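Participant: If you scroll down you'll find the structure; I have some questions about it.
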Amino acid sequence: MALANKPGQKPVVWSISGSDCSGGAGIAADIKTGHGLGVEVCCLITANTVQNSQQVLNINPVNIDILQQQVDILLEDKPPGVIKIGLVANSYQLNWLALTLGKLKQQLPGLKVIYDPVGQASAGGVLSSLTSRDISALLPLVDVLTPNLQEAQTLTGLNQISAAELAQAVTRLGAKACIIKGGHKPGNSCDDYCLDSGVNYAPQAGENGISYRLTSPRYDTSYSHGGGCSFASALSAFIAHGYLLRDALTLTKAFINQGLSACQGINDYYGAFEQLGWPAGPEYFPKVMFDNGAGLNGAFAPLGIRRPAPREALKPGGKRLGLYPVIDSLAWLERLLPLGLEIIQLRIKNTEPDQLEQMVADAVKMARAHNTRLFINDHWQLAIKYQAYGVHLGQEDLHEADLAQIQAAGLRLGISTHGCYEFLLAQQLKPSYLAIGAIYDTQTKDMTGQIQGLENLSQLLTLATDIPVVAIGGINLERAADVWQTGVDSLAVVTAITRTADLEQAVRHFRHIMTG
Ligand SMILES: Cc1ncc(COP(=O)(O)OP(=O)(O)O)c(N)n1
Ligand SMILES: Cc1nc(C(=O)O)sc1CCOP(=O)(O)O
Ligand SMILES: [Mg+2]
């Protein structure tokens with residue numbers, strides 16, 4: 001996805017919410033957040049509220065005729081990528097909104113709707129008299145609902161159940177995804193729980209979607225008026241930029257943590273949340289809670305320079321790994337091994353089990369004879385059986401493979417990631433390398449919705465630790481220098497090797513780029 005921050009290229013978010021005259025919440029929060037995150041915010045104001053840090057005096061709903069005129073005129077030249085809904089002040093507005101969203105969704109097929117069900121001001125005071133029954137009429141049109149724990153309980157009428165069960169109850173009411181925010185729950189950490197039943201393309205999502213928890217330490221500050229609105233508007237902005245929900249939420253949490261951290265320790269004045277723009281440091285990013293039952297404590301072995309020493313130093317002398325061909329046959333291996341590459345992957349798809357086993361056995365023997373590090377894609381049991389140098393696993397495989405067994409057998413592990421959510425998740429397993437893809441569109445595999453681009457790759461590299469990073473997807477000789485200059489440790493390629501007319505020359509050119 002491209003981060004279109006330049007004027008004229010900004011994604012458009014419509015904010016349908018109330019004005020807060022004290023400046024912290026509602027439309028004010030949405031505009032400040034949108035400005036910081038490179039989206040254009042169009043404002044459809046539902047109410048002109050009278051409030052300060054202590055109380056809400058009046059709501060003053062806006063007539064739906066005015067809202068309808070605004071929809072009509074904006075559709076002419078600023079159609080939305082995302083609609084963010086905040087305060088819906090009365091049932092007229094709610095009914096109008098349900099009708100209007102239904103029409104807009106038909107007219108604009110990619111449109112996403114994010115709804116932050118604002119009922120109460122954080123200073124105290126009721127902002128909307130709508131009942132949960134009223135609100136539930138809107139939910140089938142909502143892609144992501146962002147209630148806090150209390151709002152989710154009110155909406156579903158369910159108490160004393162976990163965030164996971166609450167999120168399920170909310171999605172049963174019609175919302176495609178639900179994020180239960182943990183900001184108001186006491187404790188040292190702040191956990192947000194997400195159930196995504198299919199808002200975005202997510203290859204590992206099962207029938208019931210994916211669920212996860214993002215956790216961060218709690219920031220001690222009451223300087224957070226408008227934090228809830230800013231959360232939903234940041235999420236809207238990231239989704240408008242084209243991020244998958246899981247990445248948009250991870251970035252949103254980092255955005256919120258960054259704002260709260262700027263006011264850490266300030267508790268004597270009830271001020272507005274600080275919208276500081278794009279998250280600028282790894283310290284603001286949450287931990288992605290993940291459990292595949294492997295119970296791993298340690299790290300996988302680093303990428304030693306040559307077999308067979310099992311625990312050699314990571315990238316000795318700071319040497320980057322360079323070219324990483326990903327091939328599917330012994331014939332390719334035979335041609336590549338004499339060229340003295342540091343690392344090769346055998347990626348075999350759709351081959352009969354006996355033939356597959358023989359191929360893995362032979363490949364391991366051949367690579368060992370050339371002291372080349374051979375990773376086996378997918379087939380981790382065979383990799384262990386024949387003592388390959390390493391295993392490469394995709395995100396889906398992480399839930400099925402026995403990582404503890406791979407680690408105990410002394411094999412290295414490489415993991416594919418596609419965005420900050422997967423990157424942070426995989427980083428916790430301390431693999432031998434992390435792959436990021438797809439950098440560009442690729443002919444080799446359907447990577448719809450997961451193209452990172454150089455900008456996103458560079459941002460992900462700011463989250464990297466000392467684990468080497470491999471870039472993959474659409475990399476060829478013309479693009480190699482740009483990708484290499486981001487600072488990745490390796491370029492993994494399929495077609496740039498397998499479709500070249502002159503293999504030796506292609507390898508030589510790649511090497512030249514990577515030493516330059
Ligand atoms: C270096 C590298 N990065 C990513 C991949 C993709 O692996 P995976 O997600 O397991 O998908 P398939 O390759 O199995 O289609 C890779 N193979 N190598
Ligand atoms: C196998 C694979 N995995 C990717 C990922 O992003 O995880 S992209 C990809 C295809 C790489 O092939 P080529 O170099 O021909 O574009
Ligand atoms: Mg795989």
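Here the Cβ of each residue, glycine as well, is placed from N, Cα and C on the backbone.
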Participant: For the 4-amino-2-methyl-5-(diphosphooxymethyl)pyrimidine site that TrEMBL lists with Gln345, Leu346, Arg347, Ile348, Lys349, Ser416, Lys445, give the additional residue from the candidates Asn267, Asn377, Asn476.
Facilitator: Asn377
Participant: Please report the DSSP secondary structure of Gln345 (4-amino-2-methyl-5-(diphosphooxymethyl)pyrimidine binding site), reduced to three states.
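Facilitator: Once the DSSP labels are grouped into three classes, Gln345 (4-amino-2-methyl-5-(diphosphooxymethyl)pyrimidine binding site) ends up as strand.
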Participant: Using a 10 Å cut-off between Cα atoms, which of these binding-site residues sit near Asp378 (Mg(2+) binding site): Ile348, Ser416, Lys445?
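Facilitator: For Asp378 (Mg(2+) binding site), the binding-site residues whose Cα atoms are within 10 Å come to Ile348.
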Participant: Of Leu346, Ile348, Asp378, Ser416, the binding-site residues listed, which put a C-beta under 6 Å from ligand 1? Please answer none if none do.
Facilitator: Asp378, Ser416
Participant: So if I draw a 10 Å sphere around the Cβ of Ile348 (4-amino-2-methyl-5-(diphosphooxymethyl)pyrimidine binding site), how many other Cβ atoms end up inside it?
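Facilitator: There are 19 of them.
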Participant: What average pLDDT does the predicted model assign to the domain 'Pyridoxamine kinase/Phosphomethylpyrimidine kinase' (20-269)?
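Facilitator: Average per-residue pLDDT within the domain 'Pyridoxamine kinase/Phosphomethylpyrimidine kinase' (20-269): 88.
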Participant: To the nearest Å, how far is the Cα of Asp397 (Mg(2+) binding site) from the Cα of Lys349 (4-amino-2-methyl-5-(diphosphooxymethyl)pyrimidine binding site)?
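Facilitator: Between the Cα atoms of Asp397 (Mg(2+) binding site) and Lys349 (4-amino-2-methyl-5-(diphosphooxymethyl)pyrimidine binding site), the distance comes to 14 Å.
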Participant: Reduce the DSSP letter at Asn377 (4-amino-2-methyl-5-(diphosphooxymethyl)pyrimidine binding site) to three states and note it down.
Facilitator: strand
Participant: Are there residues of the same chain, six or more positions away from Gln345 (4-amino-2-methyl-5-(diphosphooxymethyl)pyrimidine binding site), whose CB falls under 8 angstroms from its CB, and which are they?
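Facilitator: Tyr324, Pro325, Val326, Ile327, Leu374, Phe375, Ile376, Asn377, His392, Gly414, Ala492 - these are the non-local Cβ neighbours of Gln345 (4-amino-2-methyl-5-(diphosphooxymethyl)pyrimidine binding site), listed in sequence order.
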